[in-house]
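Quick notes on the structure that follows.
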Amino acid sequence: MKQEETDEKYMRRCLQLARNGQLLAKPNPMVGAVIVSKEGRIIGEGYHVRCGKGHAEVNAFASVSKEDEALLREATVYVSLEPCSHYGKTPPCADLIISKGVRRVVCGCIDPFAEVQGRGVKKIREAGIEVTVGVLEKECLELNKRFITYNTHKRPYVILKWAEASSPSPLPLPQREGSNHRDSPNNSEKVIANITIENRNNRIYCNYKPSVAYIGNLPGKDYQPLIISTPFTKMLVHKMRAENDAILVGKTTEELEQPQLTVREWSGPNPEKLVLTSQPTKAGEYATPAEVLSHLYAEKQQSLIVEGGAKTLQSFLDAGLWDEIRIESAPFTVNKGIEAPKLPDNLRVIKVEKYVNTIVTYERA
C-alpha cells in the first residue's frame, strides 16, 4: 500500500473516532487521533470526549499499553486537527507529542483557532519530527465546519431549512387509494419512481416541481399549518436540532404555529430558541439577522438553524448570512400558500436524499 493510501486509511479512522464527541466536545472541535507502530499496527487511539477534558492526542497516548510504549519512538501519530500549542484548560498537545519522541505526525487540517493557526505544526517540526498536513483535508474541515466558521468568520455557522410543496403540476403523481399519507413502503416506491432528479449547472431540478413552491398556508382567519415533513424526515430534523446550538423562527411563525423547536423525536440538548421580529420586546428577540449572529457569537454559540417563515429565511439570504440550505420537497401539490424563498445563484448541491420526500442540501459555491 502506498504511503498516501496508508495515511488516508488511518485518517478515516481519526474522523470516525472524532464524531463520537459531537455532542459533548462543544465548543471545542471534534478531534480523533490514532497512533500506528512502524509495523502498521494501531497501538493507541482516542478522541476528544468532553470540553475541558483530555484532547484526542492525550487519550490516544493514554490508551497505549505498557508493552507497546517502546514502539512510540518509531510510531506515527495521526490526528484530524492540528495539535494545540497553547495552555488552555489542558496543556499543549504539541508538547506531549514531542515528549513521546514519535517519528512522524500526520494532520488532517490546520486549526483556525487564533491561539493555534499553524503554531502546533511549527513547534513539532522544530523538534525534529516529520509533519504531513492536509490528508483528507476536505473531510476534516467539513467535520468541524461550525467551529471553523465561528473562528474564521466570527459568527455562527448558519443553516437555512424549510419544507416545500409544489403548485399544481402538469405531471400528476400517483397516490395510494384510500391513504392520505405517503410513508407506506408500498406507496413510497411508486412515488419516488416518478421523481427525476437532475443536476444542471450544479442546481437540482425535480420533474414534478414547477416554478413556484410553497412552504405553508397563507396567514388568515382560518390559518392552519401545512404539514409537509413525514414522520421520518421530522426525526431527521430533530437530529439536526440536537447537533446545533440555536434555532430561530420569525415572530409570525411563533405566534401562529407556536412551534416547540425541541429534539423530542431524537436525543440530545434542545437548541436555544430565538425569534426575529421588527419590534423586539423581550429576551431572545432580535430585529435583524446580524443582531442574532452577534448575540450568538458573544455567547460562543457556533451554529444556528433558521426554520422560517419565508420572510425570515429570505432576510438571511438577502443579507448573505448563510452557509447551508436544506430543502425538503414533498411529492404533492397545494393550490395556495406562502411562496418559498428564492435560492441564490452562489450555491452548489452537496447532498441529495431520496425518501418519500426528497431532501436537497446546498452549500455556498
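Using N, Cα and C of the backbone, Cβ positions are placed for all residues, glycine too.
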Candidate sharing the Zn(2+) site with C84, C93 (per TrEMBL), from H48, H55:
H55
Between the C-alpha atoms of E307 (substrate binding site) and H55 (Zn(2+) binding site), the distance in angstrom, to the nearest integer, is 34
Average pLDDT across the domain 'CMP/dCMP-type deaminase' (5-132)?
95
Integer Cα-Cα distance in angstrom, Q314 (NADP(+) binding site) to L261 (substrate binding site):
20
Check the DSSP secondary structure of E57 (active site, proton donor), expressed as helix, strand or coil.
helix
To the nearest Å, how far is the Cα of E57 (active site, proton donor) from the Cα of A163 (NADP(+) binding site)?
41
Looking only at the binding-site residues C84, C93, R241, L261, R264, A310 (NADP(+) binding site) has its closest CA neighbour at L261
Using the CB centroid of R241, L261, R264, E307 as the substrate site centre, which other residues of the same chain sit with their CB within 8 A?
V237, H238, I247, P259, Q260, T262, V263, N270, P271, I305
